[in-house]
Amino acid sequence: MGVQDSGSSADNEYPDGSVRLRNPHIQLMDQDILYHLALGSESHDLVSMFGDVKFVCLGGTPKRMEQFAFSIMDEIGHKLPAGTTLLDISRYSYRYSMYKVGPVLAISHGMGIPSVGILLHEVIKLMYHARVRDPIFFRIGTCGGIGIEGGTVVISEDAVDGLLRPTLELPVLGKLLQRPAKLDKKLARELKSLASAEDPYDTVTGRTMCTYDFYEGQGRLDGAFCDYTEADKMHYMTQIHKAGVVNIEMESLSFAALTHHAGIKAAVVCVTLMDRLKNDQVLAPKEVLDEWQSRPQILVSRYIKRYLSMKGRLSLDGPGGSMCVKSPRRFKLVQQESETYD
């Protein structure tokens, strides 16, 4: 039996909407070093650098998130000062990449639950230190479809594990901690409403299965090991499809559980690269895949643009993620720690 996490996600917000941490030890620390982002609470002026953030967009690869950063810059009319370009704020970490475009952060999260979990711990702390109010988190990624064709955009209604449980399990101090993985239903509906009838592809909602492994955990037949038959695989895929699963990926469970635990509104938007009821391998040519991967970005961009337009915040000017150092000595320490920390 696991230990259910206690407390409501609503407890993690202050009355003004700023993020509250569920960790009393942070306030007692001389400096909170965000190792994997190459940032620190005393080395950098995080309020000046990130205090205006409203949207945090996470995706798998540094290249994809760099492309998204340039794309969202065009969409919201953000102008960089002459002679400047977008800066990878976390370049000294050599692990994740982070770009800031006005109120939007675009960050790569790597692959799988451990990688996205590490990032979320530090990004949620970043929101706290920067005194960000009511941030909205998006995961923008790729997945395998279940009964839907490649190129289909999927907005996750729920995230479940390989046993169809909507819970993230994590061994902590010898006990199995269980955190509910919940996404914001209203946000999912709002995203779905932004799908256009003129889009040359379908946008659907449904249950997303998140696995701990790309091969056996997803029932693939093309891994180095496979102790089941194709009939076994098809039976399993058919069963989860009947249970409402429309896609499989490797991050949504952790993403949903940690954002919910932090009281942060969040959504997962992915594009399918194949129908797993038909094949296991990605067969579409690169130029097709590149276009498919832009589709979740387009939908999230529509949401961000509409929100900023309603708030009268389009066409913003400002630096593309400039570094604001409070303490050169501590900055050097953070840079050294991030370069060597495993």
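Every residue, even glycine, has its Cβ placed from backbone N, Cα and C.
Record features (TrEMBL):
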{"type": "BINDING", "residues": "Arg95, Arg139, Ile140, Gly141, Thr142", "note": "phosphate binding site"}
{"type": "BINDING", "residues": "Gln218, Arg220", "note": "substrate binding site"}
{"type": "DOMAIN", "residues": "54-305", "note": "domain 'Nucleoside phosphorylase'"}
Quiz item: Between the binding-site residues Arg95, Arg139, Arg220, whose Cβ has more other Cβ atoms within 10 Å than any of the rest?
Solution: Arg139
Quiz item: Which one is it: of the binding-site residues Arg95, Arg139, Ile140, Gly141, Thr142, whose Cα lies the shortest distance from the Cα of Arg220 (substrate binding site)?
Solution: Thr142
Quiz prompt | Cβ neighbours within the same chain of Ile140 (phosphate binding site) - under 8 Å, at least six residues apart | solution = Cys57, Leu58, Gly59, Arg64, Phe68, Val269, Cys270, Pro296, Gln297, Val300
Quiz item: Distance between Thr142 (phosphate binding site) and Gln218 (substrate binding site) at the Cα atoms, whole Å?
Solution: 14
Quiz item: Can you give the mean pLDDT for the domain 'Nucleoside phosphorylase' (54-305), rounded to a whole number?
Solution: 96
Quiz prompt | Cβ contacts of Gln218 (substrate binding site) (under 8 Å, same chain, 6 or more positions away) | solution = Gly144, Thr211, Ile248, Arg276
Quiz item: Using a Cβ-Cβ cut-off under 8 angstroms and a sequence gap of six or more, which residues of the chain neighbour Gly141 (phosphate binding site)?
Solution: Gly59, Gly60, Glu249, Glu251, Val268, Val269, Cys270, Val271, Pro296
